[in-house]
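Colleague: Right, I'll just put the structure down here and ask away after.
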Amino acid sequence: MPYVGVGAQKASTNLTGGPMMKAYAFVLAFFLLGLGVLALGKHHSGRRFNQYSKVSIDDIHETDAKTIQDNIKSENIKKYLRIFTQEPHIAGTDANKKVAYAIASAWTEAGLEDVHTLPYEVLLSYPDFENPNSVVIQNSAGKEIFRSKGVSPVIIPDEQSGKYAGHQWLAYGGNGTVSADVVYINRGNANDFKNLKLMGVDVKGKIALMRYGHGFRGDKVYKAQQAGAIGAILFSDTSDVAQDGVDSEHVYPKTIWMPNEGVQRGSLMHGDGDPLSPFYPSKKELFKGRTIEEAKDDGTLPSIPVLPVSYTTALQLLKRMSGRAVPSDWQGFVGGNLTYKLGPGFVNGEKLTINVHSELKTKRIRNVIGYIRGAEEPDRYIMLGNHFDAWVYGSIDPNSGTAVLAEVARAMMQTINETSWRPARTIVFNAWDAEEFGLIGSTEFVEEFVDVLQKRAVVYINMDCIQGNASLHVDTVPTLEHIAIEAAKHVPNPSKRERSRGRNTVYDTWMKVFPEKKAGRPKIRVPGGGSDHAPFLNFAGVPVINFNYKNYTTFDTYPLYHSMYETPFTNIHLMDTEDLAVHRAIGQYWAELAKTFADEVVLPMNTTNLASVMIKSYLPQLKASISGINVSRIDFESIRTQYALLSKSSQDLLVMSKKFQETMQFTFHSFSQNPYDAKHVNAVNERLISTERCFINPRGVSKHNPSARHVLFSVSDSDSYSNSLMAGIQNAIHSYETSPSKKNLREIINQISTVQYSVICVVNTLRDVI
């Protein structure tokens, strides 16, 4: 208490007078307000709380989060799922337009603000639905002895009777008929083509027969075309999709395994976004920078006919193959004990013909956007997204996610209407069109709004579809790993069996099923491609979390992937049989992440972890890559020197990140003292948001993929589903090994320097002064 003079004391002897009582009341109110402020903790929101309450804002945050989770209902998810999967809805069709407006209607009814669509004019591909694709085998006399139907049969009429639903096709495959000998090339990756050549089998002028799995189908076809193939056939091996046997008791609809005439559909485009408008949005009023012929010439689109076949049709090919037996790791289970052969060609002079009927068309697609505007920082976006177009009905991919996202929106708005909670930052709901053709809707959106996103977007959280019922599975960048883990600890376990074993949260099962044993945490990978998070991270530098539920399996995805048997029956009776409890848990996790990013005072981004991962993981991997380069001692020293400089910059990042942690803690303290002065918070958050942007190279890191601009995490050139750590460096090493030259050697050093420059950018971003 400040010193009070004697005269003042004498003048204030009447302590019960009116003016003095008012003064004491004011002081007491101010003191109680201070206690309320001190209780604010690390969260802020638009909630109008009682400043005299003894309940802390952290308690209120947990209560609000639980309320949102409790408001997410399985019955609503089931309702939305049936609405969105009534008929086949391929991108660019009237049926998919109906789904877009059904989503907009659901979001509007829930109470989202400014729900609208964003159209783009893009190049899509369709089959001739009146003339199915086919595989034909003729004997040496030219007589037809086998012809595939090209159509999968209806198994559950109530859900699968849409016209043309069973058509078997692959988008962007070349139109035409080719006859040639067939060659088996396993999974169709780079090593498979290399090993086939070493075994003396030439692909040129042949039809390539390849198994799905362990890579993007478009990359398989791209490599086959590069090797000289004139056609390609893709099939799902029973070792992947029918592991318990192919009799009726062990496949759909009795189980989740693929039935004998099921096929995987998909896109063959080698790249993301509209193939005719790289770098720029495909708007009706804008010029297309590339022609169809140019897209085919540079490998973006295939020019050879390609079709998918069932394992039943594949057996007709495999049992006729001539040539030597395949290596043991190329052997599958089609035909039981059948030994796969390499070819080329069939025994007994039989011939193979494939007929593919396809057409390229420019069509209008439309994304759906809706908002919950933030009360404190409306210009900061927490973005949630899923695509809604499907190859057929899409009850798993993607509309399990579409239904869950609609319910998250509804539950959040219910919470807003029934409590005083409102997110501090804006939550943006996004439904993407034409993802299946090559992430087109999301890529065009990012290309159109990249400048806005780089200024306003905090994070993009993607959930494509539910792939299984065993465990949560998360891909994210190092700065967000901790928050992905922490959120899972707050979501109840959807499995009765898991709860009976003492694993009460989603995190507990995740740690059990997908452990990173050395790190003592669940396994988390860096995001690759294959879904709508990719353009946000790789093109715009917006940090992402991509998650789903899946089973522990060596196969890439679930057996019925992209088949016509993805209808609600599969979700409800085969995959998520406890009243869609897994779907609900996915929604709860999505909402928990969104609310955390929306309401944390200081954004939950950890640059210290990024620096640690760089030093402990990324740099050792890079060192191993450059150590294998066949160069002279002098040239290697030049590479080693630049690597050492990158290592030094990474150490600088670690030091600066730890120092910045102190700044973040000070900001927490300052906000708790005075929540009405947000200048410290804004300064810290601005720098945190900017760190991921440092890794965007405007010139790109891939000659083949215009959307690959992230120098750490861009999608692999060899597999569009996988990330490629420091892709620019890896591409430069590959170029040098293919064609050794001083120029290519210098490019390796240049690419290492480019990564170093990005690391230095992060260091400078975190500094208080330049």
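The chain as shown is numbered from 1 upward.
Every residue gets a Cβ built from N, Cα and C, even glycine.
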Colleague: Among GLU359, GLU436, GLU516, GLU600, which residue does Swiss-Prot name as a further Zn(2+) 2 binder in the site formed by ASP397, HIS562?
Modeller: GLU436
Colleague: Just to be sure I read the record right: HIS387, ASP397 are listed as binding Zn(2+) 1 in Swiss-Prot. Which of ASP329, ASP451, ASP464, ASP475 is listed for the same site?
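Modeller: For the Zn(2+) 1 site that includes HIS387, ASP397, Swiss-Prot also lists ASP464.
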Colleague: Where does Swiss-Prot put N-linked glycosylation site, among ASN14, ASN417?
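Modeller: The candidate carrying the N-linked glycosylation site note in Swiss-Prot is ASN417.
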Colleague: Would you mind ranking the recorded positions ASP397, GLU435, GLU436 by how many other Cβ atoms sit within 10 Å of each Cβ and giving me the lowest?
Modeller: GLU436
Colleague: Between ASN469 (N-linked glycosylation site) and ASN551 (N-linked glycosylation site), what C-alpha distance do you get in Å?
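Modeller: If we compare the Cα positions of ASN469 (N-linked glycosylation site) and ASN551 (N-linked glycosylation site), the gap is 6 Å.
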Colleague: In this structure, which of the glycosylation sites ASN417, ASN606 has the fewest other Cβ atoms within 10 Å of its Cβ?
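Modeller: Output over glycosylation sites ASN417, ASN606: least Cβ neighbours within 10 Å is ASN417.
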Colleague: Taking the recorded Zn(2+) 2 site as ASP397, GLU436, HIS562, identify the other residues of that chain whose CB atom sits within 8 Å of the mean position of the site's CB atoms, giving them in sequence order.
Modeller: ARG265, GLY266, ALA390, TRP391, GLY394, PRO398, TYR561, GLU566
Colleague: Does anything in the same chain, at least 6 positions from ASN175 (N-linked glycosylation site), have a Cβ under 8 Å from its Cβ, and if so what?
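Modeller: Same-chain residues close to ASN175 (N-linked glycosylation site) (Cβ under 8 Å, separated by 6 or more) are PRO305, VAL356, HIS357, SER358, GLU359.
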Colleague: So if I draw a 10 Å sphere around the Cβ of ASN469 (N-linked glycosylation site), how many other Cβ atoms end up inside it?
Modeller: 21
Colleague: Around ASN630 (N-linked glycosylation site), which residues of its chain at least 6 apart sit with Cβ under 8 Å of its Cβ?
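Modeller: GLU737, PRO740 - these are the non-local Cβ neighbours of ASN630 (N-linked glycosylation site), listed in sequence order.
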Colleague: Is HIS562 (Zn(2+) 2 binding site) helix, strand or coil when read with DSSP?
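Modeller: Reduced to three states, the DSSP call for HIS562 (Zn(2+) 2 binding site) is coil.
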Colleague: Reduce the DSSP letter at ASN175 (N-linked glycosylation site) to three states and note it down.
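Modeller: Where ASN175 (N-linked glycosylation site) sits, the three-state DSSP reduction gives coil.
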